[in-house]
Amino acid sequence: MLENVKKSLFRVLCLGALCLGGLMAEQDPKELVGLGAKSYKEQDFTQAKKYFEKACDLKENSGCFNLGVLYYQGHGVEKNLKKAASFYSKACDLNYSNGCHLLGNLYYSGQGVSQNTNKALQYYSKACDLKYAEGCASLGGIYHDGKVVTRDFKKAVEYFTKACDLNDGDGCTILGSLYDAGRGTPKDLKKALASYDKACDLKDSPGCFNAGNMYHHGEGAAKNFKEALARYSKACELENGGGCFNLGAMQYNGEGATRNEKQAIENFKKGCKLGAKGACDILKQLKIKV
């Protein structure tokens, strides 16, 4: 669940682009970030760096963050993870939530800094406190996996709940799985289904698949083939092989809709291409080439 750095930068750039306007007579820091964003989009990374440096010197947190990303990526500067960590740290000190999160990533993996799990947890925690969903999800993942700390499902539930409340789809899916299994919380299939459904609404394909399974088998709600079909369909649209396979099976059997063998076979083919072994097996049984 570690953040894709490039995607993070584009989020900031999109925000920064809203700040464009005029020449920099007053050196407004947010406007400097906007000009840096414009230069970045034009692939003038050297100029972008200058604007971000000025903004950071004026204690504009997103300017410091963007400088960190430039050093992490090596755009307009020589790649330097130590400097990336330094600028993420400045951004975090100025309460830029994703700066805290990415600094946590560096401490977790030991990139540009000495590996330090406690510091990673510290920065993920600050990101989460600043309502950055992926910071909460990263904490949840650490306590869920138990690789670098003692496994604690109760804490995992706590942090995945926060992540889900902040609309992190993956966090909602994992929260649903914890309710489903009764780990760190009493088993509650209704809450599991609600979490999977929210994940699906947030376009998390495993959430759609899991919600489909629950509606299909009547877990957490009355059995409802129509709802199951809708969730499997969305999972398949989101490139989930199991979703395509189950969607095809329901169409082949006429569950939730009129039987449609042609469409079922198309979904079996898609599921097989996406790695669903069951879909490949049924195509072999039907003597249909992928």
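A Cβ is built for glycine as well, from the same backbone N, Cα and C atoms used for every other residue.
Copied over from Swiss-Prot, here are the features:
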- 1-25: signal peptide (SIGNAL)
- 29-62: repeat 'TPR 1' (REPEAT)
- Cys56-Cys64: disulfide bond (DISULFID)
- 64-98: repeat 'TPR 2' (REPEAT)
- Cys92-Cys100: disulfide bond (DISULFID)
- 100-133: repeat 'TPR 3' (REPEAT)
- Cys128-Cys136: disulfide bond (DISULFID)
- 134-170: repeat 'TPR 4' (REPEAT)
- Cys164-Cys172: disulfide bond (DISULFID)
- 172-205: repeat 'TPR 5' (REPEAT)
- Cys200-Cys208: disulfide bond (DISULFID)
- 206-242: repeat 'TPR 6' (REPEAT)
- Cys236-Cys244: disulfide bond (DISULFID)
- 244-278: repeat 'TPR 7' (REPEAT)
- Cys272-Cys280: disulfide bond (DISULFID)
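Between Cys92 (disulfide bond) and Cys272 (disulfide bond), the C-alpha separation comes to 44 Å. Helix first, then strand, then coil: DSSP counts for the repeat 'TPR 2' (64-98) stand at 25 helix, 0 strand, 10 coil. Across the structure, Cys164 (disulfide bond) and Cys128 (disulfide bond) place their CA atoms 12 angstrom apart.
Counting only same-chain residues six or more apart in sequence, the Cβ atoms lying under 8 angstroms from the Cβ of Cys208 (disulfide bond) belong to Tyr196, Ala199, Cys200, Arg231, Tyr232, Lys234, Ala235, Leu238, Asn240, Gly243.
Counting only the Cα atoms, the space from Cys56 (disulfide bond) to Cys100 (disulfide bond) is about 16 angstrom.
Proximity of Cys272 (disulfide bond) to non-local residues of its own chain (separation of 6 or more, Cβ distance below 8 Å) is seen for Gly241, Phe245, Ala279, Cys280, Leu283, Val290, given in sequence order.
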